Amino acid sequence: MAKADFYETLGVAKSADEKELKSAFRKLAMKYHPDKNPDDKEAERKFKEINEAYEMLKDPQKRAAYDRYGHAAFEHGGMGGGGGGFAGGGFSDIFEDIFGEMMGGGRGRQRSAGGRERGADLRYNMEITLEEAFSGKTAQIRVPTSITCDVCSGSGAKPGTQPKNCGTCQGTGRVRAAQGFFSIERTCPTCHGRGQIIPDPCPKCHGQGRVTEERSLSVNIPAGIEDGTRIRLQGEGEAGTRGGPAGDLYIFLSVKPHEFYQRDGADLYCAVPISMTTAALGGTFDVATLDGTKSRVSVPEGTQAGKQFRLKGKGMPVLRSAQTGDLYIQIQIETPQKLTKRQRELLQEFEQISSKENNPESTGFFARMKEFFEG
């Protein structure tokens, strides 16, 4: 029976990136996990296929070989004499070992003793408000991830049993094979470099040493955090295999755009429209700030559009500092609309009695323009 295409098994396109692969795998693994489907042979078969597909496609080298050669890349003897297939030596291991030894390099990628591997790092995207960035917060998040199996404590072996040293490589995880004029040391095809085999797999994790589960975590968001900041939670990523160290969880923060404020570092900017008469005659208005207080802004007579007023210390806190940015009020002057007859008459009268001193900028601008073009 022909093996299913790995991409079809995970339900992703061949162009899928690492994030899409991982997302598809988690979704399917949770759906077909044996714990959720007891005594369901079909679900167990699909679960194994999903694991196999993800294990191959998450490794860039294995994925490249599969994209080029298909399942033939992993069949026994696929190297024409090397034996063992891709997962047990294959293209990358042979090439890495040949060139590594010739160039004085090391052995290529290896697992530690007993097959222990560090768990994968995880990414979590979190969106917060500007108010939350101002005051800081403790957020509760739920992260689907692989955790150490509580039945076998990560060994992968059935309780009461132990993994055994691989008889093929004598527990080293590496074997030597003749390859033309070279003696090549490559990954053991029996234990896949772990150095151990599991005769009696754990019934819960099926020998993986890890299970997929959703965890609840508390994340401290410090006051003054900026958009695009990355927070690292050490050891909160996926559990390692066979007792290996866990990966890290990275929280990528984005701050929602605010209705009134724009942020530039620790400073805030707020555009405030005022009436034409307030700009001409002067006045005051109150501005609500992010610290929950109100600040009064005094507008002097003759204030022009674009004028900025600085409210010292009313901006954002500087991360891990006692300093605080400023709030800048940017004045916009609103031109009156839908005038009544009386309002129009008053404005026309005002225009008639106005002098150059009332509008020095516009008067001077047009005078300079006329002189420039007419000489």
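Keep in mind that glycine also has a Cβ here, set from the backbone N, Cα and C atoms.
As given in Swiss-Prot:
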DOMAIN    5-70  domain 'J'
ZN_FING   136-214  zinc finger
REPEAT    149-156  repeat 'CXXCXGXG motif'
BINDING   C149, C152, C202, C205  Zn(2+) 1 binding site
BINDING   C166, C169, C188, C191  Zn(2+) 2 binding site
REPEAT    166-173  repeat 'CXXCXGXG motif'
REPEAT    188-195  repeat 'CXXCXGXG motif'
REPEAT    202-209  repeat 'CXXCXGXG motif'
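Feature annotations (Swiss-Prot) mapped to structure.
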| residue | record | DSSP class |
| --- | --- | --- |
| C149 | Zn(2+) 1 binding site | coil |
| C166 | Zn(2+) 2 binding site | coil |
| C188 | Zn(2+) 2 binding site | coil |
| C202 | Zn(2+) 1 binding site | coil |
Residue pair C188 (Zn(2+) 2 binding site), C205 (Zn(2+) 1 binding site) - Cα distance, angstrom, rounded: 23
For the zinc finger (136-214), the number of residues DSSP places in helix, strand and coil: 0 helix, 35 strand, 44 coil
Two-stretch contact, the repeat 'CXXCXGXG motif' (149-156) and the repeat 'CXXCXGXG motif' (188-195), at least three Cβ pairs under 8 Å: no
Cα proximity to C166 (Zn(2+) 2 binding site), best match among binding-site residues C149, C202, C205: C202
Residues satisfying Cβ distance under 8 Å from C169 (Zn(2+) 2 binding site), sequence separation of at least 6: V175, C188, T190, C191, G195
The domain 'J' (5-70) - residue tally per DSSP class, helix then strand then coil: 48 helix, 0 strand, 18 coil
Set of same-chain residues at least 6 away whose C-beta sits under 8 angstroms from C152 (Zn(2+) 1 binding site): K158, P159, C202, K204, C205, G209
Fewest other C-beta atoms within 10 angstroms, as judged across C149, C191, which are the binding-site residues: C149
